[in-house]
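Trainee: The Na(+) binding site annotation in TrEMBL covers A:ALA23, A:VAL24, A:ASN28, A:SER252, A:ASN284, A:LEU403, A:SER407. The transmembrane segment annotation in TrEMBL covers A:12-32, A:44-62, A:83-105, A:169-191, A:203-222, A:242-266, A:278-299, A:394-416, A:437-458, A:464-487, A:508-531, A:555-577.
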Amino acid sequence: MEKESRPSWEQPAQFVLACVSYAVGLGNVWRFPYLCQMHGGGGFLIPYLIMLVLEGVPLFYMELAVGQKMRLGSIGAWSAISPYLGGVGIASVVASIYLCLYYNVINAWSFWYLFHSFQEVLPWAECPLNSNHTGYLDECRKATATQYFFYRETLNITSAISDGGGVHVGQALCLLLAWMVVYLCIIRGIASTGKVVYFTATFPYLVLFVYLIRGLTLHGALNGLKYMFTPKLEQLANPTTWINAATQIFYSLGLGFGSLIAFASYNHHNNNFERQAIAVSLINSSTSIFACIVTFSIYGFKATLNYESCLERVKLLLLNTFSLAEDTINVDNITYWITELNKTHPNQFADLLPKLESCDLEAELDTAVEGTGLAFIVYTEAIKNMPLPQLWSVLYFFMLLLLGLGSMLGNVTAVTTPLRDLRFVTHYLSNETTNGLVCLFCLVLGLGFTTRSGNYWLTMFNDYGATFALLLIVLIEIISVCYIYGLEQFAKDIEDMIGHRPNWYWKIVWAIVSPLIIIMLFIFYIINYIMGGTPTYQAWDKDLGQSVTTPYPPYAQAFIILLLVSSIICIPLSALYTYCNRYTDKTDTLPK
Amino acid sequence: MFPRLHFAVCFTAVLGPTLVHTLCPEAVNSSSLIQSLFPGALLNAIMHIFSFRVSDVLVCNETQRVSFWFVVTDPENTSELISGKDVERAVRISRNRINNAFLLTDETLEFLNIPPTLAVPAESGTPPWLIVFGVVIGVVGVGIIALLISSFIQKRRKKGVTEGEEEDCEEEACDKGNGVSHPVEEGADGVNRGFVGDIPFTKL
């Protein structure tokens, strides 16, 4: 039977767009703006760009080179570098599986919100009524309508991770749909993926651009932008800023999962990946900055709205208490009036003080949020106040969906490519069947995240499933390429592929700078973990209407350790296995 | 929120003519005052709701903002007051009409201690999100099935062609090594992969 030659991208552009689609994901939208805000606005760009040059682009380049040279998925590629390093590939696959399991649940949420946007009144715009219709539900009153919709209607979250709760049927359906869409996109391997990425890589930019225009024209947007871009350069002295910049670059480019190796393995041997690596990394970082601008104009709008309603309430309170005429107080002279009234009617004012809110625009802007909180709570609150909220909601969640889907394609390809490299898999199962089985496996296990406590497990996977393992994986990758495989041999391979050797800059960064940065991140992560004490999570308390920091129960802590160790342990185990195999082989050939 | 118009219902459990005076010492016959405050047509509408006459409504305790207390007397016996609970119930039921009569809303016309009953949003039979979900999952399902079927058909066709090729193998380029004949296989980088499977068996 004829063996098929390795499939390849129809156009080099498909490869570039696949990498862009993979790298540009939800993190660009919901993590980078948060970091920017935390670490001094515009000033954060300095460590970010430095880390991009010293760490991001070189490691990206290296992974593409390995993939394109070896023309195998991560397991095969690292086994080819050194037979003892097959475990690195396996660890990558395990990390990818963990990611696949929970990442698609976030896409399921995007679907949920997207479908709920097709209503006249957005369901997160108003609180639902209580049983005798005299007011709003307690939980919703104490929290906000958007928080209530996320925690109660979308997740139906329990109050602790130990409280299992049943499966949320709506979520399960959306997860099923999400996996069906992923399957549809990868059904024939990169023949399908290559066509899909034309859309998933480009459409989000269109939406971001539309949102940029919308955001900039919103009232109060400039407040947000001013806040963001005012650099607080003293933050640069804080080592956490540099660590966070390095970490963000590292995870944002999706290094270590094996997806880049998988994508590159389908390349033509002489594809010029050097230019592509630089291009994709730059596109990824620019997208983060672009998304930051959009996010901050929307932040500014929301903060200004809250600030102005606060002022309205204070004005009304003053008017009613002191029986003043309607037009005497307005937004401009309200502070003057407060001091005046304090002087002229000190007793009455003192009685009023507990009810008087202090309205502060800076405080509103300071509420830095990241992650799902930003995407599903803060953004939705801003959207519901825009004119034509349904349209903006649909656009926004469709964009989130495409960003998430693009990253999923990379992650699933990182799992299916090494599988397809195994000869017995290719022999017995067709491409469609392998991909289908992987999707089905991830769907079934992923249903665990659609239970009522699923969000807590998801956060655990997100925080511990891949973060530590990736640092170690990439560290071993770069060290093995430079010192085990040999930098000279690597340079020769690259020359063989693209026609010229990598210049001295790349060599120095690969051999010295990047490993040092990763070791630094690694040490910092371990110190943080040890010093952090009992790991905690944010549990939603429905009586208080807010999240409460709760420590993990012991079995959950054990599970965290299992997560951290399970992918990494593959590396030494596999090396040991190969060593034993070789040892028995050697003894077999001894003359008898 | 706007400066509020207060209608405060006096809760009186005890009925009696003296109470009217204690509550409303400067009670005036309402007709002139109320008619000066509200147009006659509106007033008639209110009175119609309560089925009382204007003279049964006594106004007292006016405040600077348009707010007042009122008590309602029994039409048959003007010295008897209608209980607060009954008036409260009537207001609750006819709240919408009262609001419309004054061209006000729940936010601008407040009855103390009678919280407005909020309107229940219209609930459709099938939640709308399920409809959209159904459409999308249907389209995706059809797409998957279509692709699977087309792959299956392609494989069938290919199988037919390769079976024809294997018969040709005996005449054309076939390697006869190890007593097994199979066509020369070339990997993607030009390496003859025909012997890849045999490598573990060759001992040097």
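Here the Cβ of each residue, glycine as well, is placed from N, Cα and C on the backbone.
I'd like these features described in context: how deep, what's nearby, how far apart.
Mentor: Counted within 10 Å of its Cβ, the other Cβ atoms near A:ASN28 (Na(+) binding site) come to 25, all protein chains included.
Packing against the transmembrane segment (A:44-62) from elsewhere in the chain are residues 35-36, 235-236, 241-242, 245-246, 248-250, 252-253, 255, 260, 273-274, 277-278, 280-282, 285, 289, 474, 477-478, 481, 502, 506, 509-510, 513-514, 517-518: each is 6 or more residues past its ends and has a CB under 8 Å from a CB in it.
Only residues 6 or more beyond the boundaries of the transmembrane segment (A:203-222), in the same chain, are considered here, and those with a CB under 8 A from a CB of the stretch are 24, 287, 290-291, 293-294, 297-298, 300-305, 308, 386, 392, 395-396, 398-399, 402-403, 406.
Outside the transmembrane segment (A:278-299), and at least 6 residues removed from its termini, the chain residues within Cβ reach (under 8 Å) are 16, 19-20, 23-24, 28-29, 32-33, 36-37, 45, 48-49, 52, 56-57, 60-61, 205, 208, 211-212, 215-216, 218, 221-222, 224-225, 227-228, 249, 252-253, 365, 374, 378-379, 382.
Long-range Cβ contacts of the transmembrane segment (A:394-416) within its own chain (Cβ-Cβ under 8 Å, at least 6 residues beyond either end) map to 18-26, 28-29, 73-74, 92-93, 96-97, 99-100, 103-104, 106-107, 110-111, 113-114, 117-118, 181-182, 185-186, 189-190, 193, 196-197, 199-201, 203-204, 207-208, 210-211, 254, 257-263, 375, 379, 383, 434-435, 438-439, 442.
Listed by sequence, the residues of this chain that lie at least six past the ends of the transmembrane segment (A:464-487) yet keep a Cβ under 8 A from its Cβ atoms are 59, 62-63, 66, 78, 81-82, 85, 88, 91-92, 94-95, 98-99, 102, 250-251, 255-257, 507, 510-511, 514-515, 518-519, 521-522, 525, 529, 560, 563-564, 567-568, 571.
Within the chain, the transmembrane segment (A:508-531) has long-range Cβ neighbours (under 8 A, six or more residues past its boundaries) at 51, 54-55, 58-59, 62, 243, 246-247, 250, 467-468, 471-472, 474-475, 478-479, 481-482, 487.
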Trainee: Using Cβ distances below 8 Å and needing 3 or more such pairs, separated by at least 6 in sequence, tell me whether the transmembrane segment (A:242-266) contacts the transmembrane segment (A:555-577).
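Mentor: Contact between the transmembrane segment (A:555-577) and the transmembrane segment (A:242-266): absent, because fewer than 3 Cβ pairs are under 8 Å.
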Trainee: Neighbour count first, Cβ atoms within 10 Å, every protein chain included; then name which of A:ALA23, A:VAL24 tops the list of binding-site residues.
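Mentor: Highest number of other Cβ atoms within 10 Å: A:VAL24.
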Trainee: Report the listed stretch (A:12-32, A:169-191, A:437-458, A:555-577) having the maximum count of Cβ pairs within less than 8 Å of the transmembrane segment (A:83-105).
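Mentor: Most Cβ pairs under 8 Å with the transmembrane segment (A:83-105) come from A:555-577.
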Trainee: For the binding-site residues listed here (A:ASN284, A:SER407), which one has the lowest count of neighbouring CB atoms within 10 Å of its own CB?
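Mentor: Comparing Cβ neighbour counts within 10 Å for the binding-site residues A:ASN284, A:SER407 gives A:ASN284.
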Trainee: May I have the list of same-chain residues other than A:ALA23, A:VAL24, A:ASN28, A:SER252, A:ASN284, A:LEU403, A:SER407 whose Cβ is within 8 Å of the Cβ centroid of the recorded Na(+) site, in sequence order?
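Mentor: Filtered neighbour residues, in order: A:VAL20, A:TYR22, A:GLY25, A:LEU26, A:GLY27, A:LEU253, A:GLY254, A:THR287, A:SER288, A:GLY406.
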Trainee: Going by DSSP, is A:SER407 (Na(+) binding site) sitting in a helix, a strand, or coil?
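Mentor: DSSP assigns A:SER407 (Na(+) binding site) to helix.
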Trainee: In terms of Cβ proximity under 8 Å, which residues at least six beyond the ends of the transmembrane segment (A:437-458) contact it?
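Mentor: Same-chain contacts beyond the flanks: 97, 100-102, 104-106, 108, 155-158, 160-168, 171-172, 175-176, 179, 182-183, 186, 412, 415-416, 419, 429, 537, 539.
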Trainee: If you count Cβ atoms within 10 Å of the Cβ of A:LEU403 (Na(+) binding site), leaving out that atom itself, what do you get?
Mentor: 29
Trainee: Other than its own, how many Cβ atoms are within 10 Å of the Cβ belonging to A:SER252 (Na(+) binding site)?
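Mentor: Cβ-Cβ neighbours of A:SER252 (Na(+) binding site) within 10 Å number 23.
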